[in-house]
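The structure under discussion appears below in the form of structure tokens.
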Amino acid sequence: MNAQEANFDGLVGPTHNYAGLSFGNVASLNNEKSAANPKAAAKQGLRKMKQLADLGFAQGVLPPQERPSLRLLRELGFSGKDADVIAKAAKQAPELLAAASSASAMWTANAATVSPSADTSDGRVHFTPANLCSKLHRAIEHEATRRTLSTLFADPTHFAVHEALTGTPALGDEGAANHTRFCAEYGKPGIEFFVYGRAEYRRGPEPKRFPARQTFEASRAVAHRHGLAEEATVYAQQDPDVIDAGVFHNDVISVGNRDTLFTHERAFVNKQAIYDTLTAALDARGARLNVIEVPDAAVSVNDAVTSYLFNSQLLSRADGSQVLVVPQECRENARVAAYLDQLAAGNGPIHDVLVFDLRESMKNGGGPACLRLRVVLNDAERAAVTSNVWINDTLFASLDAWIDKHYRDRLAPEDLADPALLDESRTALDELTQILRVGSLYDFQR
């Protein structure tokens, strides 16, 4: 059956800020306490969505989550009216207010892991929201993520939206940022590739400086609940040394699409065995794996982390050629820029490189790949998505005007204590649910 890969980007929320909450994420730590520009952040992401939609790629949008999370703050012991809760948290534990105010749900690569119907035992598209249990500000996302996905992908004939895995370190799950899929064509059965940082119940190498957020056990559990064939599921361990260098998710060091794996030579433990396993598995599905391995001598791990070369989108055009979507930081690094020029001029599958200004997201450690959740849909499944979430001229204009109306152009850490920010955010989100036709999605609407 004809199928297409759709990218659902997270719309940056009104509380976008730089609180330095993500240990292991170098950009997040380096930009802690800087002033952010939520309006610019939202517009940068929206412009990427629109340009890709204009090029013929299926492009959807996912709404922000409500922030600050009064639910979290009340759970942590702050009481009173909403304004009192915010004031008490700001005075007594500003780090908790920052966690409750994070707009990190914008990075929808961490929202869930998705398996298309061609791969699953029951022939439905399966979603497992990521528990993101390694970070407080992200661990509060999965319930709202499940609600959003259940709203957009509501037809049980076509879709299965699961609960997140239990939020324990043994089942640490960071979603699609540690998952990719290889196939001959999107609508045909493929190979699902899960990358983990450590295993809870068996000995193996682990990072020493920064935490490994994804466990083997979590990846395996997601594969089992999605009903994936064992012979079409491949697991790989990310090299712990690159985690210690700031590669906190695998999508910071590799990206895959169709029959192509674009990766750094230091991405994986026992890389040749992984390449061989993927090659054999994909060969059984009628395709030949094409590995584009970037040597450390050309682009170092530090170059990869600072430029986010691999936190790129690798997209297939209708003619089968592939385009790489990268942040502008890749052009500002001389070694990375030179490599990209060589790549595009070569005889490989990647013929074009598109460059986007995503500076606001990048300063928090999120490039093009972080901002999108890939969902392969056949024609019937796409028709079952009835909300107004597909980017076109009309929706782009509505969202652009909505951002202009509701977003601040400066948000410093001390501004999180402003109770007006909650009211502004709720007003904006209430209007957004009408634009996207998603009903009463938020707790404050119920």
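The backbone N, Cα and C atoms fix where each Cβ goes, glycine too.
Look at Swiss-Prot and you will find GLU174 (among others) tagged as active site. DSSP classifies GLU174 (active site) as coil under the three-state reduction.
Per Swiss-Prot, the feature active site maps to HIS249 (among others). Long-range Cβ neighbours of HIS249 (active site) (same chain, at least 6 residues apart, Cβ-Cβ under 8 Å): ALA109, ASN110, GLU174, ALA177, ASN178, ARG213, GLN214, CYS370. DSSP assigns HIS249 (active site) to coil, not to a helix or a strand.
Taken from Swiss-Prot, the feature active site, nucleophile covers CYS370. Taking the Cβ of CYS370 (active site, nucleophile) as centre and 10 Å as the limit, one finds 26 other Cβ atoms among all the protein chains shown. A coil conformation is recorded for CYS370 (active site, nucleophile) in the three-state DSSP classification, outside any helix or strand.
Summarising the annotation, Swiss-Prot assigns substrate binding site to 19-28, ASN110, 137-138, ARG213, ASP251, ASN364 and lists sequence analysis as the type of evidence. Counting every protein chain shown, the Cβ of ALA19 (substrate binding site) has 23 other Cβ atoms within 10 Å.
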Neighbour tally for ARG138 (substrate binding site), based on other Cβ positions within 10 Å of its Cβ: 23
